[in-house]
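Enquirer: Before we start, here is the structure in question, set down as structure tokens.
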Ligand SMILES: Nc1nc2[nH]cc(C(=O)O)c2c(=O)[nH]1
Ligand code: SF4
Ligand SMILES: [Mg+2]
């Protein structure tokens, strides 16, 4: 008897109820902010940003990554494996017009991600697939065709990387009309850096977002960057979910 092929498994982050981090919310950032979406958060990231708001997806015990919180996490407690079919069923049960696949870095699991996208789109081609990515890992052609929107967030020097990780991220996605760029900024100088890095990319594909995990931090950074964003002609986005729900998992 032939056996069914093993299904792909996704490594997921753990949500506030201790189960896989799959939830329903408003998209809080970027071009579709304010729209209802299902969210699924994949565990693992290949960048280790100092101010990351989801260090529980990568800042494992025994590593020497530097993060502002200083807290280390145990992968056995923070990572769950789920067959793609189960993950897709949980996401579709949330009754949203589409899903935001985020992380961590979702493209670290390319085969399972592709299977998840095929599964959620099958039978309902209008269901929207949106991926939040740091851009450093190039998606396959299959994935590029399946995904409706890549929100690519190249990292600037204030994220604490020794190498320039923004240029490859821009190179990987600038040719895809379904990719937009979302830069986290703290100062007018950061906006100037974005202007320099993104020469030749239409400004209407670029969003600037204040860094912050509290309304006060967001307000402070918004106040300092807004004139520079307007001057450069970039789009501006807030982080609505932080104002609505605070810095909590599964929101
Ligand atoms: N509501 C809400 N919107 C989001 N947009 C991007 C998110 C992310 O963590 O990548 C996120 C998130 O975690 N929650
Ligand atoms: S790329 Fe995103 S998820 Fe990864 S460490 Fe940086 S902020 Fe966090
Ligand atoms: Mg986030």
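Using N, Cα and C of the backbone, Cβ positions are placed for all residues, glycine too.
Unlike curated entries, TrEMBL annotations are predicted automatically.
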Enquirer: Name the residue, out of 104, 233, that TrEMBL lists for the same S-adenosyl-L-methionine site as 51, 52, 53, 153, 154, 155, please.
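Expert: Among 104, 233, only 104 appears alongside 51, 52, 53, 153, 154, 155 as S-adenosyl-L-methionine-binding in TrEMBL.
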Enquirer: Which of these, 102, 120, does TrEMBL list as part of the substrate site with 26, 27, 28, 41?
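Expert: Checking 102, 120 against TrEMBL: the substrate site match is 102.
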Enquirer: Could you tell me the mean pLDDT the prediction assigns to the domain 'Radical SAM core' (32-247)?
Expert: 97
Enquirer: Have a look at the binding-site residues 49, 104, 154, 155 and say which one has the shortest Cα distance to residue 27 (substrate binding site).
Expert: 104
Enquirer: Which chain-mates of residue 45 ([4Fe-4S] cluster binding site) that are at least 6 residues away have a CB under 8 A from its CB, listed by sequence?
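Expert: Non-local contacts for residue 45 ([4Fe-4S] cluster binding site): 52, 54, 57, 58, 103, 104, 105, 108, 134.
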Enquirer: Enter the number of other CB atoms within 10 angstroms of the CB of residue 153 (S-adenosyl-L-methionine binding site).
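Expert: Its Cβ shell of radius 10 Å holds 23 other Cβ atoms.
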